[in-house]
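Scroll down for the structure; my scribbles are underneath it.
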Amino acid sequence: MKLTCMMIVAVLFLTAWTFVTAVPHSSDVLENLYLKALHETENHEASKLNVRDDECEPPGDFCGFFKIGPPCCSGWCFLWCA
């Protein structure tokens, strides 16, 4: 019972603390992040997800011994790239 009451008080305290220390205009920060993400989706060259590593081996090529990660494009090496 005491533990439950302490947990409730702790949660209420932490909730109040986040509201007290919150940035007054945090919605502007979120809006700027949204606009930046929108700009990157419109400009595909700016997106870092579109970068392709052409130095990897295609499936079926010999890659060596057991590895996870490069040099295989899939990331799996079991003597041949999977």
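The backbone N, Cα and C atoms fix where each Cβ goes, and this holds for glycine too.
Record source Swiss-Prot places CYS81 in a disulfide bond whose other cysteine, from CYS56, CYS72, is CYS72. Look at CYS81 (disulfide bond): DSSP puts it in a strand. Annotated pair CYS81 (disulfide bond) and CYS63 (disulfide bond), C-alpha to C-alpha distance, rounded: 6 Å. For the pair CYS56 (disulfide bond) and CYS77 (disulfide bond), the Cα-Cα distance reads 11 Å.
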